[in-house]
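Okay, structure first, notes after.
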Amino acid sequence: MAEAAAPLFDTFARAPLRFERGEGVWLFTESGERYLDFAAGVAVNSLGHAHPHLVEAIKTQAEKVWHVSNLYEVPGQEKLAKRLTEATFADKVFFTNSGAEALECAIKTARRYHYSKGHPEKFRIITFEGAFHGRTLATIAAGGQQKYLEGFGPKVEGFDQVPFGDVDALKAAITAETAALLIEPIQGEGGIRAPAKEFLQLLRSLCDEHDLLLIFDEVQTGVGRTGKFFAYEQTGVAPDIMAVAKGIGGGFPLGACLATADAASGMTAGVHGTTYGGNPLAMAVGNAVLDVVLADGFLEKVRDVALVFRQGLASLKDRYPDVIEEIRGEGLLLGIKARVPSGELLQAMRAEHLLGVPAGDNVIRLLPPLVTTAEEAREGLARVEAAAASLTAKQAKIA
């Protein structure tokens, strides 16, 4: 175990687990214990661990060139951007190293759009309570959660939160200074909460009516996680700008900001930049991820396995009502809203060597790699059931 006085910032409440290697949906500790990884690095390891195509891609690129900066053309960027724009609403792509950076780019793109159109007063962005958009000063302001804002000085100006799904509050918040609306198609850290499709369609209508840009944060929902390449495809709504990260790198730090040509029109030479973003290693991995995710039949298999898993969780909810209150989510972005404290259920799952991720609203996220098989999904269900059964037995003993 780690030393008590490790020379690290004390910013993480880490579980006492040390993983030495991974294979597919499994992680192995230094002592050889095997865990079913339905945390996937918080929806990052889209193709599981040590996927041979990703390993080969990064090995091959590592023997060529790692980094040159954006002072020069990077062929891998052009290839990956072309594939992303051909498969989405977007015309333009800016590569980053993380989701927070992708959101920063999205925010700057929206503000710069209005500035370049002669409306510098339009800089405010409306967001929704319970959202999570990153940990930079701007993105914690966008998220609006006090626990992340506390102690870092005045909140960055220009972000207005409204209650999740509140149409009247949203309409009232739009002013002559509003530049954009920013929303997650499904809130991840907020507790796997999905707004109604009609609400997202209303956002699109309001943006069109008031000359606002619609920004989707698909950092967690994107790249096959919901069973579609991007979650917006399931809503009937296309954004103007979209932030992407996590699954697109399959575990390698990679993010992107996608936009229509019009929305990106203000992002001219010199107004934004990155040193590492779009580096050749990241581009090799991103292209390798898309080789797999965009292959014929892959997303259909994701949807099939997701159905097995979702139906199984629904059955467990019925059988363990004192432990499981509700099943939420889409595809392989699923949440268990617990009746017991979610930390207790997460700990019980970990005792069964199953990994999940805590979220808000007393929810545990289950985020299996997209390569999970139906058999592995059933193994996960068996472990959730064992955890629920142990908590039920514990409750009975107390009673």
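Every residue gets a Cβ built from N, Cα and C, even glycine.
Taken from Swiss-Prot, the feature pyridoxal 5'-phosphate binding site applies to GLY99, ALA100, PHE132, ASP217, GLU218, VAL219, GLN220, THR275, supported by sequence analysis. In sequence order, VAL42, ALA43, GLY99, GLU184, ILE186, GLY188, LYS246, LEU333 are the residues near GLN220 (pyridoxal 5'-phosphate binding site), counting only same-chain partners six or more apart with C-beta under 8 A.
Cβ neighbours within 10 Å of ARG135 (N(2)-acetyl-L-ornithine binding site), excluding its own Cβ and spanning all shown chains: 13. Marked as N(2)-acetyl-L-ornithine binding site by Swiss-Prot on the basis of sequence analysis: ARG135, THR274.
Residues or ranges marked as N6-(pyridoxal phosphate)lysine in Swiss-Prot (evidence: sequence analysis): LYS246. According to DSSP, LYS246 (N6-(pyridoxal phosphate)lysine) is assigned to a helical segment. Around the Cβ of LYS246 (N6-(pyridoxal phosphate)lysine), the number of neighbouring Cβ atoms within 10 Å comes to 28.
Among GLY99, ALA100, PHE132, ASP217, GLU218, VAL219, GLN220, THR275, the residues given in the record as binding pyridoxal 5'-phosphate, the maximal Cα to Cα distance rounds to 25 Å. Reported as a whole number, the C-alpha separation between THR274 (N(2)-acetyl-L-ornithine binding site) and GLU218 (pyridoxal 5'-phosphate binding site) equals 21 Å. Sequence-distant neighbours of VAL219 (pyridoxal 5'-phosphate binding site): residues of the same chain at least 6 apart with a C-beta under 8 Å from its C-beta are GLY99, ALA102, LEU103, GLY134, GLY188, ALA243, VAL244, ALA245, LYS246, GLY255. In this structure, the CA atom of THR275 (pyridoxal 5'-phosphate binding site) is 19 Å away from the CA atom of ARG135 (N(2)-acetyl-L-ornithine binding site).
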